[in-house]
Amino acid sequence: MSTSIEIPLRDTDEVIELCVDQLPEGDEVLGILSQENSQLFIWVNLALEYYKQNKINDFIKILEASRAGANVNYRDFEKDQMRALDMLAAYYVQEANREKNKDKKRDLFTKATLLYTTADKIIMYDQNHLLGRAYFCLLEGDKMDQADAQFNFVLNQSPNNIPSLLGKACIAYNKKDFRGALAFYKKALRTNPNCPAAVRLGMGHCFMKLGNQDKARLAFERALQLDPQCVGALVGLAILKLNLQQPDSIRSGVQMLSKAYTIDSSNPMVLNHLANHFFFKKDYNKVQHLALHAFHNTENEAMRAESCYQLARAFHVQGDYDQAFQYYYQATQFAPVAFVLPHFGLGQMYIYRGDAENAAQCFEKVLKAQPGNYETMKILGSLYANSTSQSKRDIAKNHLKKVTEQFADDIEAWIELAQILEQSDLQGSLNAYGTAIKILKKDVQAEVPTEILNNVGALHYRLNNLEEAKKYLEEALVRAQSEAEHDPQYYNSISVTITYNLARLNEALCVFDKSEKLYKDILKEHPNYVDCYLRLGCMARDEGQIHDASYWFKEALRINKDHPDAWSLLGNLHLAQNEWGPGQKKYEQVLKATSQDPYSLIALGNVWLQTFQQASKDKEREKRHQERALSMYKQVLKIDPKNIWAANGIGAVLAHKGTVNEARDIFAQVREATADFCDVWLNIAHIYVEQRQYVSAIQMYENCLRKFYKFHNVEVLQYLARAYYKAGKLKEAKMVLLKARRVAPQDSVLLYNIALVLQRLATQILKDEKSTLQTVLQAVHELGLSLKYFTYLADKELEDKMRYDIKLAGLEARQCQDLLSQAQYHVARAKRVDEEERQLRRKQEDERTAFKLRQLEEQKKREEESRANKEQLLQKRQEYKEKTKNALLFSEMPNEKVRPKGRGRKDQYVSDSGGSDADNEGGNVSKERKYKSGDRKDKKRKSGGRKRKDGAHSDSGSDRPRFKRSRKKHHRVEDDGLTAKQKSRIVSKATISTSESDSDDNKLKIASGDESGGEGRKRKRRISSGSDQSSRSRSRSRSKGSRSRSRSKSGSRSKSRSRSRSKSGSRSRSRSKSKSRSKSKSVSRSRSASRSKSRSRSKSGSRSKSGSRSKSGSRS
């Protein structure tokens, strides 16, 4: 590197050699350069050397003079011109960056801009020129995009240009792209590993922002190795040491900051960190000095915000809230979005000044930057808890719930939460207070404050837990009296509040004498306690003592003549007495003091509503009152858009105007908002009545009575009776009105309505020809009552003339008189109808009695016959057993294939002549009979044998197994191996069943009856006509397969349990076969052998499982 600069002498070959280390004065060198007409590059090089030696004035003089005095008559002189202009411009930019005075800064930037503009005209795209302009744009602050574009242009030409890489890194860092900035720093370091310490410092800052503190520490340490005077590296290492929060590391960090301060006492970053250190050392004077010095030594807004914050909190902790407010506010103006500590402090200052709204805005900014911050949520919860806006109170509730979830032992948060919940969630508030009490007793081991005990007692009172409320309030009173020794003024005032609450509690417990005594005791010590006067007045009002109630309310007004509650209660007294005018004046008195009082506005609207509801012929007056009521309700909705009473009033006015659908929509919306508002239920029911939906109206009225009234309410009962009346249900209307009459016997309107309903009901009953005598007599009696009532109401004095029409009552009385004059006709008609009905009932009763006697007699006879049949069966069975003891059994019988002629149907034929077996055998059977049976189970039974009896036993019926196959095959199987003589000697044991079946009894009885001729017929209870009729019967019988051959005359009613009937009286010769099992259904059809004109049908009560149908196909 050359250590001297040669200046050629004009017109000679000699030069003047200037040693760089021993440069003469600037003016001398400037004279030599001008005299020798030196080329421009010599001027620039000499100026640069003067700059390096910190001879700034000489540097400026040479460069300024070179613009006009330098020799430019050589090749590529434009580059030297660019160097001269860019060097001087860069110097002005650097000086402007250091300058604190804004005017001087602006002048320097103007000079630099002029120089760069001049250079642009020479070589616009020179790299050094572009780099200079790019850094100039960076320092101006608002031209970062232009700088980025110029850096990109340079990098496109020279990708490894280190100044461009460092500029790009700076831009990326300011854009929060710390990873990109780190990449540019690394590329610059790889390009030139001998980069200055500032590159390592920039990397350290990037590592810090990326959260890599270990690499940041290494970068800062490397920067210090390269440049022990690097203030930024010292500050970075000091912060890392301080953040360890250990005594040794803190001491080391403070030492590093002190060293940095020694190197550069005007560095704002060093000054701010030292101020922060001395704040915790409580050396507030040094804090103020350092922070102010830092503030005046930087133009960086983030640095200035830090300085203002240090100053503000120093003043804050010293109690100088005005100065603290000023610096907090100034810090918020400079602070970036992420720096929220000034907003936190400013919010505290706003709270001190009572500006809760601005304070909440400050803390909202903090919470937005730091979601879930415990202190911020707690403060916001406390601020919003006292807000009148329900939405903000909901926000407060959410914040405090989160606080209690994060820190369950925070008593203040629990108490704040309980206070918020007092208005919306009584049980939740009580639980929060309970948690606070537990923490106080267990963790803090402190006594529960009197205020909390009082609040818990008040909550129990509102939840109707009166005994619990009494316990807490009495405990609170005892605690307050004991604490009064330490602070008499405060705790005596609390005792008054607790005493008042106890009086209210006793009032709710109906201990009125005690509550009255407590109220009066409070008034003795505190005569201005207005609420006691009001409560005494309310108690007197509830007891019906209107005069006393008015006295107490007026006493309250004597204490405070503008008290809105006292005026409102007086107005309510007038309204209860239907004194609309005086009541209106009382509410207007309230509105004079507070024109926005919703209660008074609604009360006035109700007054106008009541006045236009009264019967009046003045339509203009009615319309005027409607508009006044509507305007009052609308005014309330402007003040409180969610006021359900105002909305309900608007619906009532619309209903009276005739817009029923709109009114119904409003009432429906109010009911959706709250289901505990009685008036809207009644109004919806009124709408139903107007729309003639009487069933819905009645249901609504009844639901309202059940939901809102423990006892009968006269007004609602009258509404319900009206709905019944319009629905035509006069009896129900009468019953409802009688209930109301018991509650209010003095009500003349109620009496009028009862008389009207009685009259209409009596008229309806008398016109009904189907009315009974008792009903008619009752109607006549009630008509007489209606006459008495109307007569009383028509003759009554005119004190109630506004409540009903006296003339109309007289007309109704005369109508009752006319109806009573016609009543005797209706009574006589009813008596005649009643006598006819009585005779008819007597006749029917006699017939029923006779029929029952006949039934009992028949039943008795059937039982006797049944018993005789059973005895006869048992006797025959015994005889049978005796006869069959010695019966011969054959093991092998010869097969007889020849079928006996003329005897195949003998056992099944029953003669109607009462002859012997010989007659049966000699009889000619003209046609073959076919039988079918569905009883397949009987095939398995061995009942194929025949029973042959002579003489008296020949006519017992035979029961054979029923097969679907032809009869010939059946006889062939039966007769194989047996002669006729052998068949006559062998009898099957299955012939007579041991079952006590009623059908068997009948068959046996019928056979014996036929033997005895006329005696059998005498025992039959039912006799049917017709001698040549054929019987066709359906029977359901219970039989177990007995076989008998019978000769019967149909027409007898058997005594069996089957209760079969036969309507045919002819003697028919029939041969039938039926076989059924007990408890089964059998439907049999028989077609008799004889044709007759009558049909017989028999029904038995037995059930047959086989479901067989049998048809006898013989015709005679």
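Each Cβ is built from the backbone N, Cα and C atoms, and glycine gets one as well.
What TrEMBL says about a protein is an automatic prediction, not a curated fact.
For 197-230 (among others), the entry in TrEMBL reads repeat 'TPR'. Taken together, the residues in the repeat 'TPR' (197-230) have a mean pLDDT of 93 on the 0 to 100 scale.
Among the features that TrEMBL reports, repeat 'TPR' is placed at 305-338 (among others). DSSP assignment over the repeat 'TPR' (305-338) gives 27 helix, 0 strand, 7 coil.
TrEMBL lists 340-373 (among others) with the feature repeat 'TPR'.
Residues or ranges marked as repeat 'TPR' by TrEMBL: 450-483 (among others). Here the repeat 'TPR' (450-483) has Cβ contacts under 8 Å with residues 415, 418-419, 422, 426-427, 429-430, 433-434, 436-437, 491-492, 494-495, 497-499, 501-502, 504-505, 508-509 of the same chain, all six or more residues outside its ends.
Taken residue by residue, the repeat 'TPR' (530-563) breaks down under DSSP into 27 helix, 0 strand, 7 coil. The feature repeat 'TPR' is assigned by TrEMBL to 530-563 (among others).
Annotated repeat 'TPR' per TrEMBL: 714-747 (among others), in sequence order. Residues of the same chain lying 6 or more positions beyond the ends of the repeat 'TPR' (714-747) and with a Cβ under 8 Å from any Cβ of it are 682, 685-686, 688-689, 692, 694-695, 697-698, 701-702, 704-705, 753-754, 757-758, 760-761, 764.
The coiled coil annotation in TrEMBL covers 853-883.
What TrEMBL records for 885-1116 is region 'Disordered'.
Sequence annotations record features per position, and here TrEMBL assigns compositional bias 'Basic residues' to 938-950 (among others).
Positions annotated as compositional bias 'Basic residues' by TrEMBL: 962-971 (among others).
Per TrEMBL, compositional bias 'Basic residues' is recorded for 1033-1116 (among others).
In the repeat 'TPR' (340-373), the DSSP tally of helix, strand and coil residues is 27 helix, 0 strand, 7 coil. Residues of the repeat 'TPR' (714-747) grouped by DSSP class, helix first, strand second and coil last, total 27 helix, 0 strand, 7 coil.
With DSSP states grouped into helix (H, G, I), strand (E, B) and coil, the repeat 'TPR' (197-230) comes out at 27 helix, 0 strand, 7 coil.
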